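Only one structure is covered here, and it is reproduced in the block below.
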Amino acid sequence: MSSNPPTKPFFLLSVHETAQHLETDPENGLQERAVAALQARDGPNELSGGGGVNPWSILAAQVFNAMMLVLIICLAVSFGIQSWIEGGVIAGVIFINVAVGFLQEYSSAKTMDSLRSLASPSAQVIRNGKSLAVPSPQVVVGDIVELKTGDVVPADLRLVSANNFETDEALLTGESLPVAKDVNAVWDDKSGEFDARDIGVGDRINMAYTSSTVTKGRATGIVVAIGMKTEIGAIAESLRGGDTLVRKVRKNDDGHAPWHRYVSAWGLTAWDMIGSFLGTNVGTPLQRTLSWLAIALFGIAGIFALFCFAANDWQTNKEIILYAIATGLAMIPASLVVVLTITLAGGTRAMVKRNVIVRKLDSLEALGAVTDICSDKTGTLTQGKMVCKSAWIPSRGTVLVGESNDPFNPTDGALSFTTESPSEQASEGEKGASPITTPAFELLQQHSTPLESLLNIASLCNVAKVFKGDEGWSARGDPTECAIQVFAHRFEWGRESLTEGDSPKWSLLKEYPFDSDLKRMSVIVSRLSDEKQFVFMKGAVERIIDACTQVQTADGLVPLDEEMERTVLANVEALAAQGLRVLGLAQKSWNSHQGEESSRAEVEEGMVLQGLVGLYDPPRPETQGAVRRCHHAGIQVHMLTGDHAATARAIALQVGILPRNMNTLSKAATDAMVMTAAQFDKLTDEQVDALPLLPLVVARCAPHTKVRMVDALHRRNAFCAMTGDGVNDSPSLKRADVGIAMGQNGSDVAKDASDIVLTDDNFASILNAIEEGRRMFDNIGKFCLHLLAGNVMQAFTLLVGLAFKDANNLSVFPLAPIEILWIIMITSSFPAMGLGAEVASPDILNRKPHNLKVGIFTRETLIDIVVIGCFGAACCLATFTFIVFAIGDGNLGIDSNNHIGDGSELVFRARSATFCCMTWICLLLAFEVMDTRRSFFRMKPKTPTPYTQFARDAWNNRFLFWSIMGGFFSVFPLIYIPGLNNIVMKHTVITWELAVPVVTVSCFIAMVEAWKLGKRVFFRRLARKAPKEEDDGLGGVFAAWRTTGLDSADATLV
């Protein structure tokens, strides 16, 4: 078989030319020998590069980062001065950080990889003249594939035959309606101006493409491309090519560039690589902030180390170097990376229970910063399945269908009836007659002939199938026809019940399938009871009106004149204003002798309009509440959809994306809220940036429009999340700050470009993810405050301790290096992990997104770190000085940093007490930062048990509680086990001295509570000065629309 590409694209080749080039037989398919050879040559039919987990890249990411670099330098210095114990402990710290981070990241990556699935699990192919079902990865180029309604196309095909064949190519092209295929479609390539690239994928109607779904008919096709060589594979390949760090050289129009641009590109590339290594220009805002924090702390640690040398006359003996290392380490939150990784990994597990899979561990905390959500409509805000919501019978009234959670279930959703037409209901509003809920059988009794005529057309002029299987109700076929067929089934008027069984009532004589030019479908049927024949027709209203001459009304048949046409169109507009897609239904009697000899034009003339049906893609029941909660959380929701502007506007109003009092704004403002892609794309970037606000709804949206919207949001410093399911959504998913793919109906390419995946394709799950992201962000702020305040108190304690000089004029450790490392990695780490598991606060979705420029280190947090750190350092230094100078004789001994003896006993006892004080303060600080403003003893002011509520709050987080209890008692074996105390930890046994840290720790708690009381008073006064906002339907995220220049009568769009 030839491996060379054809001289021109396959869609320009005939079936014979395609089969000849690929050396296959359109009738009998490939031989088994050829299949084996092709599989060996081309590999499996699947996307490459998106699956599997590379453990080495994950391990490298854990080792090569700024925080780890600091620890590695300290390790090298410790071993360089032969301080084996300290060096061994630092090595253990590095190993724990790398091991835990690697295991958590690898586990998360494996979880996501296990969710990957092929677009089509199996394919029906013809080989050796036999029809076989084979796994989709085993399909090869040249295979003959058979397709039927409901199948997923396993590879790119050149169609050989097709019978009423349509495919849904929304995943590839974004087109919401199925595409009718024509095997014999040709393009004139003889003209010199013809370019095959001008024929878009959606216009190649003699082809079928990977991942598209067959919505109607049957077909066979020759496989012309598999895997990464398909149209979807080409998009996936282009997406993966955009992550290089190498800067491109900017060239002039003639293709050349001056030498200095090459130097600039090389310099910027080197800077990017260094930033990538240190983590300062990659990852989420929090990760970049922590990377810069590590670099800053490294610099501060270096300065503190110089203080140590300067305070000891620049001596470079082992003791001074160790003191410098201890002081430097005191400023490094070594356990921060481990705690952050474990906390985020715990968040991913929590998200799985809320129908969200986190593909990238860092995206979880980024969700808390989302200010804008750009959401697709179909399948995310809506159920992704058409529903017949209204049927207008001109001779009777309007049948309405109530809310339904299952669009395919004809028993779900109540039926009601009103004698008013849709236009009358729209004009009268609430003053009109209310629809009366009526069972289906009663409606048939009350409106027998007119309703039965409508149902006959809906059921028989329809090739969709609705059935009940083991897993409930389902439908197969075109979404529009499925919706109409479900409506007929509500009255037990399904196609199968009328045409099949022991006593069928109707038989199908001839079908004129839907034509994309005519935009209608017709059938000739025979009523078996009297052998009378009828023509039934359905289609776009304007095309149905063209074919009709009369309308069935309560007064009988009336001519379809201009006045009647205006009446019909008024009802069409009334239904469309509700976000419904409107179709017309018509019929007429037919004489049998005219049957086969008549043309379609003759069959489809002189029709009688029987009514209209309004179809819509119903919003998920929980969408409106989720959108409202997003608005309360300060998050703006944008709908980017391929639907018509009127439909998009109606759905957006229904789910709350547009304000309910939108009519109070000027026309210019309301027009700016809803734009079409054509209007938006005509604007230059400068004109888009000049718009006071970006549109809330963009209709008829194309893939590049979504990318432009994301870029426009970024230029406004917004942090946006983009949802999508199709291949056409992938570029915007990758460009967004948080890409959200659909797990059920999403393509592999979209998942590959995303950061998180929704397993239920539900917009409400996005809110779950944001809530979890905010919880994680809050908790990360809590344990960062906890860890960094501990670092500050340790560093200040050691810096002030430089003033304590022994008999050799060398500074004495108030805390030994091993004690510092123990507190950093053991004492503080586990409570910090417990803080990472704290539950969300009740008001977490009533706050605005946090400031991206500030991140977790707000002014309040930075002040808290310094103030609380100073409180702790003061208490520790008070403990040390009280024992040494107030109770003791002030003798600091000789070589008190290494050995007990030569007068060092007093220092070793004071160090034990100081170690207890520092350990207990760091532990109890975790309780205090559970709420950075409320008192730990009154975190729930309205509780019925005010005197014991603090104990309940402490007990609610079991991990945090036992971490603090375990850490509290862990000091005793470290103090009282011989050898471990004076050789490793550099302290000794104490007795009465334990009372001193008990007192100083109590003083620390009192100071922190007093500090939080001062903060509460300050913020209460600040809140009283804030203006109150009235709820007129245009508050919150909509308030800005009232204050823009668009809210004036003469305002115009750019």
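Please read every residue number as a count from 1 along the shown chain.
Using the three backbone atoms N, Cα and C, a Cβ is placed for every residue, glycine included.
As written in TrEMBL, here are the features:
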DOMAIN    9-83  domain 'Cation-transporting P-type ATPase N-terminal'
TRANSMEM  63-81  transmembrane segment
TRANSMEM  87-106  transmembrane segment
TRANSMEM  290-314  transmembrane segment
TRANSMEM  320-345  transmembrane segment
REGION    411-433  region 'Disordered'
COMPBIAS  416-426  compositional bias 'Polar residues'
TRANSMEM  783-804  transmembrane segment
TRANSMEM  820-840  transmembrane segment
TRANSMEM  861-888  transmembrane segment
TRANSMEM  908-930  transmembrane segment
TRANSMEM  959-977  transmembrane segment
TRANSMEM  989-1011  transmembrane segment
Cβ contacts under 8 Å made by the transmembrane segment (320-345) with residues that lie 6+ beyond its boundaries: 65, 67-68, 70-71, 74, 77-78, 81, 83, 86, 90, 93, 96-97, 100-101, 104-105, 107-108, 290, 294, 297-298, 300-302, 304-309, 312, 361-362, 364-365, 776, 779-780, 783-784, 787-788, 790-792, 794-795, 797-799, 802, 810-811, 813, 815-817, 820-821, 824-825, 828-829, 832-833, 836-837, 897
Long-range neighbours of the transmembrane segment (861-888), counting only residues six or more past its ends (CB under 8 A): 781, 784-785, 788-797, 800-801, 804, 814-815, 906-907, 909-911, 913-914, 917-918, 921-922, 925, 932, 993, 996-997, 1000-1001, 1003-1004, 1007-1008, 1011
The transmembrane segment (989-1011) versus listed stretches 290-314, 820-840, 959-977: most Cβ pairs under 8 Å: 959-977
Residue counts (helix, strand, coil, in that order) that DSSP gives for the domain 'Cation-transporting P-type ATPase N-terminal' (9-83): 46 helix, 1 strand, 28 coil
Intrachain residues whose Cβ lies under 8 Å of the compositional bias 'Polar residues' (416-426), provided they are six or more past its termini: 390, 392, 394, 396-400, 402, 432-438, 443, 446-447, 567, 570-571, 573-575, 577, 612, 614
Helix, strand and coil residues within the compositional bias 'Polar residues' (416-426) as assigned by DSSP: 5 helix, 3 strand, 3 coil
Within-chain partners of the transmembrane segment (820-840) [C-beta distance under 8 Å, separation at least 6 from its ends]: 86, 89-90, 93, 96, 326, 329-330, 332-335, 338-340, 342-343, 346, 771-772, 774-776, 778-780, 782-783, 786-787, 790-791, 794, 798, 915, 918-919, 922-923, 926, 929-930, 956-957, 959-961, 963-964, 966-967, 970, 974, 985
Tertiary contacts of the transmembrane segment (959-977), as residues 6+ beyond its ends and Cβ separation under 8 Å: 822, 826-827, 830-831, 833-835, 837-838, 912, 915-916, 919-920, 922-924, 926-927, 930, 985, 987-990
